Amino acid sequence: MEVEFQAYTNESQQQKFAIPVDSEHKATEFRLFSISKPHMRAFHLSWVSFFSCFVSSFAVPPLIPIIRDNLNLTATDIGNAGVASVSGAVFARIAMGTACDLVGPRLASTSLILLTAPAVYFTSIISSPTSFLLVRFFTGFSLATFVSTQFWMSSMFSAPVVGSANGFSGGWGNLGGGATQLIMPLVFSLIRDIGATKFTAWRIAFFVPAFFQMLTAFSILILGQDMPDGNFQGLKKTGEKSKDEFSRVLYNGITNYRGWILALTYGYCFGVELTIDNIIAEYFYDRFNLKLHIAGIIAASFGLANIFSRPAGGLISDAMGKRFGMRGRLWALWLCQTLGGVFCIILGLVGSLSVSIVVMIIFSLFVQASCGMTFGVVPFVSRRSLGVISGMTGGGGNVGAVLTQVIFFKGSTFSKERGITLMGVMIIICTLPLFSIYFPQWGGMVFGPSSEKVSEEDYYLAEWNSKEKDKGSHHSSLKFAENCKSERGRKVNTSTISSDEVAPQNI
């Protein structure tokens, strides 16, 4: 009877979903060109909305040469605004992670997108360095939608493919940072050619990213779905999803040291990417005396590499996970990000335009692939506090961008080329803590799994106390633990370890 029931369950799942699913109804395949509901529709809604927020947040840098002349901005004004554009999202990302845990990614992301869209519209009426800084600060809050994007993908896709889903959604969203280098100069030129003066044309141009951002918000609200089986509120009403306590969710997240280490290392892959998005067009424009649109095209190539570099990082992370388990994911991340640091150092040292472009592209491939690999690890740090861990890591990316820009690219302490070289050194140093990440059930970069035979169930159930277990709140973690056994890798004995054989550990 049990076999027949299981067969019936599997058959009913296949009838309900267009893609094969696991016991949590998460997709076990990632079909890039499908728009099937709910898994692949969520994927496309998430990356397009994140793309729109990236376009809005970095719509200013490609037009800086025009805007600075209109508003009489100094290098310090521009540097302060660049820091402001990424600093606002630091706490917004942490808050977004918690919001996703409590109300779901659909409502969390829609709310933030609509709240930040007015700042993009207001860019068209700024008249001073102060108002310039403020619109960049508030627009930058929208970058916190990255957290809801990664949370959404981790809720829709199973362990063997979650790295790929996170890599493609984050990478294609980050494309906005490169696309805006092409879009904004083009929109500006078209408006100017129609008859507007250049100081009027750049202002009108900001209505385009603002409207696009609002459009994606309504698309998520109307077409999106939080989980494979429905939206958060509906699942809580039916009892299919337990109502969690904010304090417990937050506590479990911030006390897991692995989240803090990933936040640090993400600060020097994604944080570096944000920094480059802010400075690279101006860098090529000033250093090599290029025309505005040429500098924009070169700068765009850095961000546009996300079309395959960050997704490749997710794919590589999944491949290493299948072959070598979690230890393979960590080693791949460390190696890729360290190489990114090496090429960043070289970028600041070379003085030829052609060589600089080649090195920049190679550097972009490594640093963006590292972003994808980071979120190949994040979904496994915590099941209960996935949103908090995602928010901490994402916020770390913005903290890294703020610190890097304040230290190396604010004012005239360092030339931009010197700042880029020193940033490469920081990447290498801040990636080393990955060696200290250890999962007792899988091991770490240096040591193998715990000799006490800790199972996946032990690790994820340690987030729940006995009273919560008595209520059955831990059932989703049990399913997740079972589906994470693939992280042992092919090289490890994959026989199931019963959690009843050993006492739960303090993990």
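Using N, Cα and C of the backbone, Cβ positions are placed for all residues, glycine too.
Just so you know, TrEMBL annotations are computer predictions that nobody has curated.
The range from 73-93, 241-261, 388-408 that TrEMBL describes as transmembrane segment is residues 388-408. Ranked by number of Cβ pairs under 8 Å to the transmembrane segment (204-224), the listed stretches 42-64, 172-192, 357-381, 388-408, 420-439 are led by 42-64. Beyond the ends of the transmembrane segment (357-381), by six or more residues, the same chain brings 150, 154, 159, 162-163, 166-167, 170-171, 174, 256, 258-259, 262, 265-266, 269-270, 272-273, 276, 280, 298, 301-303, 305-306, 309-318, 321, 326, 329-330, 332-333, 336-337, 339-340, 343-344, 346-347, 350, 389-390, 393, 397, 427, 437, 439, 484, 487 to within a C-beta distance below 8 angstroms of the stretch.
Counting Cβ pairs under 8 Å to the transmembrane segment (107-126), the stretch among 133-152, 172-192, 388-408 with the most such contacts is 133-152. Stretch with the most C-beta contacts under 8 angstroms to the transmembrane segment (388-408), considering only 42-64, 133-152, 172-192, 330-351, 420-439: 133-152.
Counted over residue pairs separated by six or more positions, the transmembrane segment (172-192) shares fewer than 3 Cβ pairs under 8 angstroms with the transmembrane segment (420-439), which leaves the two as not touching. Below 8 angstroms of C-beta separation, residues 58, 61-62, 65-66, 171-172, 174-182, 184-185, 189, 273, 276-277, 280-282, 284-285, 357, 360-361, 364-365, 368-369, 372 of the same chain, each at least six residues beyond the ends of the transmembrane segment (292-309), sit close to that stretch.
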